[in-house]
Amino acid sequence: MGIVVQKYGGSSLADADAIKRVARRIVDIKKAGHDVVVAVSAMGDTTDDLLDLANGVSPLPPAREMDMLLTAGERISMALVAMAISDLGFTARSFTGSQAGVITDSVHGKAKIIDVTPGRITQAIGEGHIVIVAGFQGVSADTKEITTLGRGGTDTTAVALAAALEADVCEIYTDVDGVFTADPRIVPSARKLDQVSYEEMLELAACGAKILHLRCVEYGRRYGIPIHVRSSFSQLEGTWVVSDPGSRAPEEETMEQPIIAGVAHDRSEAKITVVGVPDKVGEAARIFEALADAQINLDMIVQNISAAATSLTDISFTLPRTDGQNAMTALARIQAEVGYDKLLYDDKIGKVSLIGAGMRSHPGITSKFFGALASAGVNIGMISTSEIRISVIVDENAVDDAVRATHTAFDLDADEVEAVVYGGTGR
Ligand code: ADP
Ligand code: ASP
Ligand code: MG
């Protein structure tokens with residue numbers, strides 16, 4: 001029988017008992033006759049604890065050393081899971097990302113996988129072992145340095161392994177029963193989606209639904225790997241991320257897809273405003289070139305109409321909070337050249353996004369969304385849209401109210417509460 005690739009998140013590996021429980025699940029698959037390859041995350045909140053530790057030692061830790069530190073979290077898990085499996089009478093081999101052949105570019109902290117050469121994995125499988133791979137890490141082809149893939153990156157490790165090993169499916173085990181119409185920690189009445197398209201899942205993940213890492217969904221779509229998101233704490237069927245939702249359902253159950261897939265929120269962004277930019281050709285290009293050179297990914301961008309009297313304009317954009325310092329430094333460097341007045345930094349913001357492929361063919365979604373926010377007393381700071389998404393920036397403290405109001409306005413609440421959060425601290 002084929003290779004099964006699984007991923008267990010930190011909340012599923014929080015302590016010794018949890019690790020033993022996961023080991024039993026893995027062994028059950030092996031007993032059923034499958035070869036098993038498992039990507040593991042760091043235990044519980046280990047990654048956050050390591051980040052706190054680093055920041056306690058240095059305000060701006062070198063990116064290379066940060067990756068060295070953070071990859072240690074996944075190495076702890078892989079060895080412990082392998083030990084627990086061996087205790088059940090099966091042999092397991094653990095591998096770091098580098099040993100497993102996860103080759104990345106050289107950008108520390110958010111490296112992209114460029115190739116997977118799983119020679120050692122296939123050899124270990126051939127020898128009858130269960131394979132455990134440390135998630136969220138690889139080795140740079142250029143610099144030979146150890147890299148990490150960004151927060152939540154073990155999901156991507158798993159899907160990349162599934163693609164390289166030509167597995168039929170990649171199972172992502174976490175602390176909720178699947179992908180819900182909103183984060184069950186904020187909306188207990190959220191509904192589980194049986195299926196969701198890659199397209200909608202990409203938007204959900206890009207908008208902060210941390211149930212799946214964005215690049216993992218991109219990878220799954222590119223290589224046609226169905227992703228099954230499910231709980232490691234229950235035996236329930238989870239959510240299938242597939243190209244064509246509905247195709248897996250029995251004929252009689254097939255019906256029109258819902259208009260809205262869900263509501264996502266994100267508290268990890270900050271906003272920078274460049275005040276008093278001379279309104280002439282090339283100024284915006286220079287600003288964004290400086291940010292691109294600093295490897296900063298931007299999200300929303302808004303340029304105000306310039307004031308007639310001064311010919312000066314303001315440009316605001318959002319970016320990951322973790323890049324805030326770098327962006328401010330990069331922009332400060334070009335102040336004299338661009339001739340802008342000053343920079344403003346605001347990290348007390350949140351983003352709320354409404355996502356659904358049905359938006360394309362249903363008018364009135366925006367007015368209903370904004371109406372729901374208005375009724376909840378939530379002020380909108382910035383707006384951006386795609387074909388299947390509307391996002392707004394709001395005050396950080398208004399995020400929960402905004403998500404709940406939107407969820408209810410679009411009739412997404414379940415009649416009976418079905419969302420269970422089995423573990424994790426939501427950190
Ligand atoms: P893991 O440790 O397994 O990687 P994560 O904490 O990264 O788990 O992701 C699971 C969490 O994602 C859930 O506990 C939930 O709070 C959060 N989440 C956010 N949006 C959603 C959503 N739409 N559906 C399900 N969970 C969501
Ligand atoms: N341990 C890493 C994190 O907390 C990677 C992961 O969990 O996927 O972000
Ligand atoms: Mg995760």
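Cβ coordinates are placed from backbone N, Cα and C, and glycine is handled just like the others.
The ATP binding site annotation in TrEMBL covers Lys7, Tyr8, Gly9, Gly10, Thr174, Asp175, Arg185. Asp175 (ATP binding site) carries neither a helix nor a strand DSSP state and counts as coil. In sequence order, Gly9, Ser11, Ser12, Ser231, Ser232, Phe233, Val421, Tyr422, Gly423, Gly424 constitute the residues six or more apart from Asp175 (ATP binding site) in its chain with CB-CB distances below 8 Å.
Sequence annotations record features per position, and here TrEMBL assigns substrate binding site to Thr47, Glu74. Listed in sequence order, Val40, Ser41, Ala42, Thr96, Gly97, Ala134, Gly135, Phe136, Gln137, Thr154 are the same-chain residues at least 6 apart in sequence whose CB falls under 8 Å from the CB of Glu74 (substrate binding site).
Summarising the annotation, TrEMBL assigns domain 'ACT' to 272-348 (among others).
Annotation source TrEMBL lists domain 'ACT' at 354-427 (among others).
With a cut-off of 6 Å between Cβ and the nearest atom of ligand 2, the binding-site residues Gly10, Thr47, Asp175 reduce to Gly10, Thr47.
Cβ environment of Arg185 (ATP binding site): Val421, Gly426 lie under 8 Å away, each six or more residues apart in the same chain.
Neighbours of Tyr8 (ATP binding site), defined as other CB atoms within 10 A of its CB across all chains, total 29. DSSP assigns Lys7 (ATP binding site) to a strand in the three-state reduction. The candidate set comprises the binding-site residues Gly9, Gly10. Of these, Gly10 has the most other Cβ atoms within 10 Å. Thr174 (ATP binding site) is surrounded by 27 other CB atoms, counting those within 10 A of its CB over all protein chains shown.
Helix first, then strand, then coil: DSSP counts for the domain 'ACT' (354-427) stand at 30 helix, 14 strand, 30 coil.
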